[in-house]
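Chemist: So that we are looking at the same thing, I have put the structure below in structure tokens.
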């Protein structure tokens, strides 16, 4: 059956004339209308399909329906295995029913004519569809399910929230790489205990209130300090204090912990933040329980009420009234130096208004030749009182006169003279200004340069130099970084190795919380790695 017989009733195409021939004809012939279309017969003849066509061939329409059905079954199988098959099957069935209803009303379409496919075409379509179905099912079955994230063990909870350092390896050298700087939130110098204490103004020594706080709420300033109110071994009645097993174990750790690092080990460890983080959190803080101090009015002498001097090493001021323990109190500790030498440094808090006179009493009493200040006057809030004069001031009979101020890129050096009666002394005051607010420096060379300058100034004082006073705001974070860097530089020069872990433990024995944050602990390792490289270059030259 030919196509012209099937498509009866449709207008037949008119044969178009060539342009050349049409131009040569008379105008009357050009305007002749086309012959009228033949009228459709009243009863179109219907031809039967060829014998055997239904059993050995497949129409285009049926082939497309078969292909669509196979794809539908494939999608059903995949979605059924994934758990969404039931709802998807119902929705798709409704859609197909609606589509078939619309197609039935459209009538025959020219391209779905009587064309047939032979058996080879049918086999090719079936083979292709089967191959697609089998490949998809095998891929779905062989695909490994995603592994659920492993929960962190309880002891790693604190490590998981630790900040990344605000410096990179490329920033240890003198050149700065702008792309390496990380914009991080502020790191508070805050010890970690179990609950949070709300601190009243310094003039109001009222009772303290305790409330629960999440970790993110603690990340403020040093005012939001924490306090363990349930220390094992603490006697609730009275002020008696017993050493708990936990504290005894912490004391043993501080005495025995050590990890000697050679040059290559130091460089590798400085680049491993996870190892440094795990090591830092193993070191006990060794903070002082406030119950150890039963001194009325002590709150007026401390900048932060939970950062107190460890009793065995604290500095005691000479006082004309031995019955008044408050007059001899200052929040400061003697710190041992390289090889355990006693009273090499004094770590203290940044003076407040009520302790400026006590601070200068300590400077005169200890015959201090050098003061190192590593904080700004204000960083979000007050960190230190400006305890030195513009020109001259007198505190407790000590006349303090600023002779000269030297400005450098990273610090300011004040040459100060002290006079009491007929005795006169000289004092160097280094104010390190390159430590950024609430985080560690981006570069280590400025701190190493300051350490070298202070060491040279101390050597000029002779072999028996009096203690060097170092302070920041609380007297434990940046102060600990400076003292640890100074001690480790001496060890690296003399022994060729360095033990930062042992140095940190020694500092915390003398004053709790020294090197206060993990970021500061990493920074000390980076500074020492850079210093070792500098020593290697000098020796090779």
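Each residue, glycine too, has its Cβ placed from N, Cα and C.
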Chemist: Match it up for me: which of 22-42, 43-63, 64-84 does Swiss-Prot list as transmembrane segment?
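Modeler: Checking Swiss-Prot against the ranges 22-42, 43-63, 64-84, the transmembrane segment one is 64-84.
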Chemist: Look up transmembrane segment in Swiss-Prot and report which of 101-121, 122-142 it refers to.
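Modeler: The range carrying the transmembrane segment annotation in Swiss-Prot is 122-142.
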Chemist: Per Swiss-Prot, what member of 403, 509, 516 joins 437, 472, 473, 474, 475, 476, 477, 478 in binding substrate at one site?
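Modeler: Answer, per Swiss-Prot (substrate site with 437, 472, 473, 474, 475, 476, 477, 478), from 403, 509, 516: 516.
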Chemist: Relative to the Cβ position of residue 437 (substrate binding site), how many further Cβ atoms are located within 10 Å?
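Modeler: Summing over all protein chains shown, residue 437 (substrate binding site) has 12 other Cβ atoms within 10 Å.
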Chemist: Report the largest Cα to Cα distance, in Å and rounded to a whole number, among the residues 437, 472, 473, 474, 475, 476, 477, 478, 516 that the record lists as binding substrate.
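Modeler: So the maximum pairwise Cα distance among the substrate binders is 16 Å.
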Chemist: Tell me, by DSSP, whether residue 516 (substrate binding site) is helix, strand or coil?
Modeler: coil
